[in-house]
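Below is one structure, written out as structure tokens, with a few remarks after it.
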Amino acid sequence: MAGGGFGPAGVAKDRAHEYQGKVTSFVVIACIVAAIGGSIFGYDIGISGGVTSMDPFLKKFFPKVFEKKGHLTEDNYCKYDNQGLAAFTSSLYLAGLVSSLVASPVTRIYGRRASIICGGISFLIGAAINAAALNLIMLIIGRVMLGVGIGFGNQAVPLYLSEMAPAHLRGALNMMFQLATTLGIFTANMVNYGTAKLNPWGWRLSLGLAAAPALLMTVGGYFLPETPNSLIEQGKKEKGREILEKVRGTKNVNAEFLDITEASELANSIKHPFRNILEKRNRPQLVMAIFMPTFQILTGINSILFYAPVLFQTMGFKGSASLYSSVLTGAVLCLSTLISIALVDRLGRRVLLISGGIQMIVCQVIVAIILGLKFGPDKELTKGYSILVVVFICLFVAAFGWSWGPLGWTVPSEIFPLETRSAGQSITVAVNLFFTFVIAQSFLSMLCAFKYGIFLFFAGWIVIMTIFVCVFLPETKGVPIEEMILLWRKHWFWKKIMPDIQVQQGTDANEA
């Protein structure tokens, strides 16, 4: 490889200090359009919980749950324990898991745009089927199509944002995906609050409105430019440099262009990226791709976001009060993500993850204590304790919103070298959707079995993940995406795992 130097295969030397560029309107618009994919993901997370608490919806598709809901003698924690109802929510994520594996080669061979467009079309089809559903099978088919859209969208959008963003602001711009997700959740909660009053067809409007952001994603994806990294990987070097100059706002992009070119040469030499990702030199990234999304879901956040109205009704909140409380948690999640965007490239990833983890542990334990002492089969929460529970759930959601929420996606999307980036993101998405499916399918049964202990269960996992970050995650703030591989060799633990690198000699080897 021309130039030589000292570094791992694919990146000849550390050129981060030579990178130039700024945040241009071109890159901001592209990132906003791409991040719409996150709003659809968020909308689908938020909409299911509200719809499953609507009586007309339960009467039509889950009459047994509707009957249990009205029985005063039924254990509060077990009113909604129904595997069919859980399958309505979870089927989407199982389909997303499978489709994310298909999306990986599409994203790598045909580009990030292709996967974004495929995701948008699948969303449109799924939203239409759900809105017109006449029976449970039709409802599940619609959810599966939405899941296919999520598999493609979650595969491509974080990669697109990471590759378009300049290194010093990659964290903030990458979080556009999570911000859009939280806006989608908040919007879904607001929609549910309004459509709950539209009997008996309000639930159809809630499900059908997913088509609006899906249309924006599909049309926007058509007009989006492909990322320079993807274009160069496809052999379109001139077009790749042209786009790179546009998104950086300068002609002087030689250092970054050279890094991407060297990385793409290695990427194109890798015929089996999933096999390559198992090699020892990719071990740290693989561990993060598995554990970051796993831990993100095991915070317990999805159980609150999926089933917020159901959860609040379980605690004694009535009808519109439970929907109102879920709107509040959605708003808190959205606002807290803005905090993360403002701080992630100043304080770094580790500070936010650790501090957010500590706050979540405290909130989960306090909620468990309140419910354990003041709520049960023979007693309901008083107004004062109900407000206290909502406050601490909101504080928990806020901590998640500026820590594990956005960073559970940001960190895995920025750490992989180009040759395994699509495969790595595919693993991240698949693991995330697998555990999302598991929690969605099992939460109502777990709530019935564990009762208030469900919050202690998730608090225990947050303790483990906070220790994991302290020990194993290096700080990635400000590190160029194509030079991230150099970071692992400086970490106290991972440098013991990484194989020795070969010194490449060239005309400028002494400069390395």
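Every residue, even glycine, has its Cβ placed from backbone N, Cα and C.
Quick look at what TrEMBL lists:
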DOMAIN    30-477  domain 'Major facilitator superfamily (MFS) profile'
TRANSMEM  23-43  transmembrane segment
TRANSMEM  84-102  transmembrane segment
TRANSMEM  114-134  transmembrane segment
TRANSMEM  173-191  transmembrane segment
TRANSMEM  203-224  transmembrane segment
TRANSMEM  286-310  transmembrane segment
TRANSMEM  322-344  transmembrane segment
TRANSMEM  351-373  transmembrane segment
TRANSMEM  385-405  transmembrane segment
TRANSMEM  426-446  transmembrane segment
TRANSMEM  452-474  transmembrane segment
Intrachain neighbours beyond the transmembrane segment (203-224), with Cβ under 8 angstroms and 6 or more residues off its ends: 30, 33-34, 36-37, 39-40, 43-44, 47, 50-51, 54, 56-57, 113, 116-117, 119-121, 123-124, 126-128, 130-133, 142, 146, 149, 153, 160, 184, 188, 191-192, 195
Average pLDDT across the domain 'Major facilitator superfamily (MFS) profile' (30-477), rounded to a whole number: 86
Beyond the flanks of the transmembrane segment (23-43) by at least 6 residues, Cβ under 8 Å: 116, 119-120, 123, 149-150, 153-154, 156-157, 160-161, 164-166, 169, 173, 176-188, 209-210, 213-214, 216-217, 220-221, 223-225, 246-249
Stretch of maximal Cβ-Cβ contact with the transmembrane segment (173-191) [cut-off: under 8 Å; candidates 322-344, 351-373, 385-405, 426-446]: 322-344
